[in-house]
Amino acid sequence: MIKAPNGSTKGQEAEKKERVWSETRLVGVSNNGKFNDIRWKSLITCCYPIRAQTSNLSNTPTDEDDDEGFVLEDVPHLTNFLPDLPTYPNPLEYSQAYAIVKNTFVSSEDVVAHQAVQEGVHFRRAGPREKVYFKPEEVRACIVTCGGLCPGINTVIREIVCGLNFMYGVNNILGIEGGYRGFYSRNTMELTPKIVNDIHKRGGTILQTSRGGHDTTKIVDNIQDRGINQVYIIGGDGTQKGAAAIYKEVERRRLHVAVAGIPKTIDNDIAVIDKSFGFDTAVEEAQRAINAAHVEVESVENGVGIVKLMGRYSGFIAMFATLASRDVDCCLIPESPFYLEGQGGLFEFIQQRLKENGHVVIVLAEGAGQEYVSDSVNAVEERDASGNKLLIDIGQWLTQKIKNHFATDKKMAINMKYIDPTYMIRAVPSNAYDNIYCTLLAQSAVHGAMAGFSGFTVGPVNSRHAYIPIQRVTEATNVVKLTDRMWARLLASTNQPTFLEKLE
Ligand SMILES: Nc1ncnc2c1ncn2[C@@H]1O[C@H](COP(=O)(O)OP(=O)(O)O)[C@@H](O)[C@H]1O
Ligand SMILES: O=P(O)(O)OC[C@H]1O[C@](O)(COP(=O)(O)O)[C@@H](O)[C@@H]1O
Ligand SMILES: [Mg+2]
């Protein structure tokens, strides 16, 4: 018997005389590249005639096929009742926005699995296990936060403390102050549900954070000296590399210590996981800055607004903030090189938009055009304490370049407004979505550590929370792929130049 999506049988559906399932079989290629016997199920309203080619029920599958086969629950199509409708080539074929997208058009075999497919890499599902490897009264846990700030860090701290206490009866939890170096150079603070009760309403981290100072031997010595047996480490790609080193040392010394990483990054640059916590909040906060820029430039003649957002190597914040706002004329990210002069360049685009609309708003990720700036200012490369390259202020640089360009030969009198809200978007408390997300991450980490996993990171993969080997998230950086659809969607939404090649 074929099951309709609501669980009722085909017979029952037909009896209702409201809708029927028509079906046909065809051989197609699924998204994993295999040929499959695809059964199409089309929900067709009864008053429409069922197409001859889709009403052939001679291949009606058995119950057995139904359990194991590939089922497509299709949506209605106009040709179901207007079979002779003509078709035309899609103009997007010639669109600049989609010029380098790998597959501009979705093929009829491109389908979305309702649930995770069975092939390929899988990770352990996060969550409580039947057996735990720690007696709650013997757990001595610690939490440390490292790297840059991000909305939601305090929520994660709170939920680890409450999760350990409320779910597992753990009472002994320490906060390591000031990042990795705090293990060996600072005092610890006691963390109880009462102490952390309100901290999710504040931005920042109550434990403080730092860059640099990762000394694996000293840290693990300290873990041993203090009798710590669960280590919760909240931080970005650098921090997770540090967590991997701590775990290796724990393993080498054969310590009964669970090391759990909770990935944190405002830039959303951590690989494997769907999205990092705080990112949504940052995008939301960025709207205020973009809105301010728009209000300012709309209210003057030839207003040019520039908003600089975070994003060292990955332009996700700028891309999503642009897509959300609709007031942005052009978004510049590290992954997509741009140029200023000549045909198809930024100056030409600004001039055009000023002529059309009287104002223009540019959103700029801090890592955009770095190679360009450092060449032009002959900058000496500097690094922070963690070894991250310090960026040159592209915002200031671009502002000056645009001003100079329009002032030369009195081309056009422009009104420049530069807004730099970079720290403001990461210093705010997390929004409702991120608060929930942080809670799931913290609880997953607690369940994983109690279940005896060690050297793991938590995070959602394909919408399900999972335990991921730490090196998996540190071996690559998540960047905006220009060949994916999201960047094409942005280009289509702003109608900005693609800067793919110098046209002159
Ligand atoms: N390769 C590494 N091995 C060990 N520790 C590292 C490594 N990279 C960074 N760290 C440590 O991780 C912490 C945070 O790293 P950083 O890059 O500043 O921030 P984030 O974790 O947000 O990327 C710092 O204390 C730094 O010393
Ligand atoms: O000035 P700080 O605090 O070192 O942080 C600046 C950097 O931190 C970030 O917000 C995030 O970086 P991390 O993920 O490495 O913490 C970057 O976008 C930015 O370049
Ligand atoms: Mg980092």
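Cβ atoms are placed via backbone N, Cα and C, with glycine included.
Asp267 (active site, proton acceptor) falls outside any helix or strand according to DSSP and counts as coil. When other Cβ atoms within 10 Å of the Cβ of Asp267 (active site, proton acceptor) are tallied across all protein chains shown, the result is 30. The active site, proton acceptor feature in TrEMBL is assigned to Asp267.
Annotation source TrEMBL lists Mg(2+) binding site at Asp237. Its own atom aside, the Cβ of Asp237 (Mg(2+) binding site) has 24 Cβ atoms within 10 angstroms in the protein chains shown.
Taken from TrEMBL, the feature substrate binding site covers Thr265, Ile266, Asp267, Met310, Gly311, Arg312, Glu366, Tyr423, Met424, Ile425, Arg426. Thr265 (substrate binding site) has a Cβ environment of 28 other Cβ atoms inside 10 Å.
Annotated domain 'Phosphofructokinase' per TrEMBL: 141-447, in sequence order.
For Gly238, the entry in TrEMBL reads site 'Important for substrate specificity'. Contacts of Gly238 (site 'Important for substrate specificity') defined by a Cβ separation under 8 A and a same-chain sequence distance of 6+ are given as Cys146, Gly147, Arg211, Ser386, Gly387, Asn388, in order along the sequence. Taken residue by residue with DSSP, Gly238 (site 'Important for substrate specificity') is part of a helix.
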Near ligand 1, meaning Cβ under 6 Å from any of its atoms: which of the recorded positions Asp237, Gly238, Asp267, Gly311, Arg426 fit that description?
Asp237, Gly238
Pairwise CA distance, Arg426 (substrate binding site) versus Asp267 (active site, proton acceptor), rounded so that it is a whole Å:
10
Out of Asp237, Gly311, Glu366, Met424, which of these binding-site residues is nearest Asp267 (active site, proton acceptor) by C-alpha distance?
Gly311
How many angstrom lie between the most widely spaced Cα atoms of the substrate binders Thr265, Ile266, Asp267, Met310, Gly311, Arg312, Glu366, Tyr423, Met424, Ile425, Arg426?
16
Checking the recorded positions Asp237, Asp267, Met424: which ones have Cβ within under 6 Å of ligand 2?
Asp267
Counting all other Cβ atoms within 10 Å across every protein chain shown, which of the binding-site residues Gly311, Glu366, Met424, Arg426 scores highest?
Gly311
